[in-house]
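Features of the protein shown, as given by TrEMBL:
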| type | residues | note |
| --- | --- | --- |
| COMPBIAS | 15-31 | compositional bias 'Low complexity' |
| DOMAIN | 38-144 | domain 'VPS28 N-terminal' |
| DOMAIN | 156-252 | domain 'VPS28 C-terminal' |
| REGION | 13-41 | region 'Disordered' |
């Protein structure tokens, strides 16, 4: 078979009417023809890929990186405290600082990161201890106490009882004065939780702790500038006054 005859034969096999196109089309050894094929652009593997196009996007990306790193560091801090690798005196200020940094970083991102759980899921962050601590908004030493006994010192115990009573009165008075912003109430509830935990002889199942913890979680899910509505304010007052009455009843039985 001559060269021209070969071209004609291949053109017939490939479904082309032009013998000269048989070598520029798809292979004659199988595969359907692809008339829309385009050459791939050249890729420079040494070229830096830009994730942002302007300064605003760059700042947003940096803030998201800060948020990511804060969550990771807080996870390691929580695990270190659980495993007694650090003391409560080392843990507490570091945890407070990281929680404050998280709030600042998340406020800078605004609606970009509306939900912590979604952010962690999107970037494959498996940090359950950090997520819980951020959700509550106070260190574990405030939520559960630092584990250091003070019952041997009666003077210190009386001091903590007095602080607890004062904390209850302070929060209720603030609410009655109409101060309902999150950044006004949350610190006072955190102080109340700390005072309750300092009273070591208080029963572990004392309802006041659980109620204060619930309100801390609720307030921590809100923005600092948000305020409790009339119904929420009334419910918080009721819970605090009920718990204060229960606390005084426990004291009378001591």
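Every residue, even glycine, has its Cβ placed from backbone N, Cα and C.
No curator has checked TrEMBL annotations; they are predicted automatically.
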Local confidence of the domain 'VPS28 C-terminal' (156-252) - pLDDT mean:
90
What counts of helix, strand and coil residues does DSSP assign across the domain 'VPS28 N-terminal' (38-144)?
73 helix, 0 strand, 34 coil
DSSP helix/strand/coil residue counts for the domain 'VPS28 C-terminal' (156-252):
75 helix, 2 strand, 20 coil
